[in-house]
Amino acid sequence: MASGGGAAFEELPHDGTCDECEPDEAPGAEEVCRECGFCYCRHHAEAHGQKFPRHHLAEYVHCAAQAWTPGARGDGAGEEAVEAPVENEKALENEAGEGIESEEDSEPEEESETEEESEDESEEDSEEEMEDEQESEAEEDNQEEGESEAEGETEAESEFDPEIEMEAERVAKRKCPDHGLDLSTYCQEDKQLICVLCPVIGAHHGHHLSTLDEAFEELRSKDSGGLKAAMIELVERLKFKSSDPKVTRDQMKMFIQQEFKKVQKVIADEEQKALHLVDIQEAMATAHVTEILADIQSHMDRLMTQMAQAKEQLDTSNESAEPKAEGDEEEPGGTDED
């Protein structure tokens, strides 16, 4: 071990070990600092070089280390060794002052950097706030548009409700389009429901008519096996036609089209029959309800008439009872006079 600059440096020479390590465990010195005069092992030499980059480290040699001691007097070496610690102290003070100045200079730079960072952060925050506001406004606009669309859809549904339209159509079908009366009669010639005025002053004058019950029973009793028979006949004719080798492809196509047209006509007739049955059944239900309502109304009229008659009889009986009561009051008075 060896002490650094000052009086201690003059008194003790280098012992060839690291001055930074513990005295008991100090390894051999490998480098020496020309400014400080301390000896270091390789590890502490690297640390010293990083801490003081302006210091010059040289390889430690025992004979060279003796030149640093005050006893080495050859060629003014002792004077240089005495002056070296003083110069080293001045160099350390200068470096410390420069470090303080550099720290002071770095503080404004750091402050300016922090100010710039704060300004950048404030700008970023303001931009984020603007984006959030725009997003919130866009969401509100979307919500308003969705609400308006929903309201428009509800209004459209209420205005164009298919069930309401179907019910209106059914009610309109139950009335005669020419006279506005209930459809209570069936025209056999036109296969159509009519009202009671159509055969009198309408287009069905002189046509064969029937009641709804008669028309319903007649249509229902008709044989509905025409479609089945037509399909069986179609299959048989197709088999027979396809087995004929003289029939060409074009002839076969034409034959199939003609046969299917016949089947389609049978299907249309069956469809029309089913629709007539539904219309007649609905008209019968309407007529039945109308009859029930008419019966209820006539019953109510009879009840009202009976109530009026009962009230009239009650009034008459009250009027006839008043003179009798007056006569009874006069009779006791006459007996007193007698």
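Just so it is clear, glycine is given a Cβ too, placed from its N, Cα and C backbone atoms.
Sequence-distant contacts (6 or more apart, same chain, Cβ under 8 Å) of H179 (Zn(2+) binding site) comprise C195, L197, C198, G202. Sequence annotations record features per position, and here Swiss-Prot assigns Zn(2+) binding site to C176, H179, C198, H204.
Look at Swiss-Prot and you will find 109-153 (among others) tagged as coiled coil.
According to Swiss-Prot, the coiled coil annotation covers 257-322 (among others). Mean pLDDT for the coiled coil (257-322) in this predicted model: 82.
Marked as compositional bias 'Acidic residues' by Swiss-Prot: 95-162 (among others).
What Swiss-Prot lists as compositional bias 'Acidic residues' is 327-338 (among others).
Taken from Swiss-Prot, the feature region 'Disordered' covers 1-25 (among others).
According to Swiss-Prot, the region 'Disordered' annotation covers 72-162 (among others).
What Swiss-Prot records for 307-338 (among others) is region 'Disordered'.
Here Swiss-Prot flags 171-212 as zinc finger, drawing on sequence analysis. Tertiary proximity for the zinc finger (171-212) is limited to same-chain residues at least six positions away from its ends with a CB under 8 Å from its CB atoms, namely 218, 272, 276, 279-280, 282-284, 286-287, 290.
A sphere of 10 angstroms centred on the C-beta of C198 (Zn(2+) binding site) encloses 23 other C-beta atoms. In the three-state DSSP reading, H204 (Zn(2+) binding site) counts as coil. Of all Cβ atoms in the protein chains displayed, 19 besides its own lie within 10 Å of the Cβ of C176 (Zn(2+) binding site). Compute the center of the Cβ atoms of C176, H179, C198, H204, which mark the site for Zn(2+); besides them, the chain residues with Cβ within 8 Å of that center are D178, L181, I194, C195, V196, L197, P199, G202, A203.
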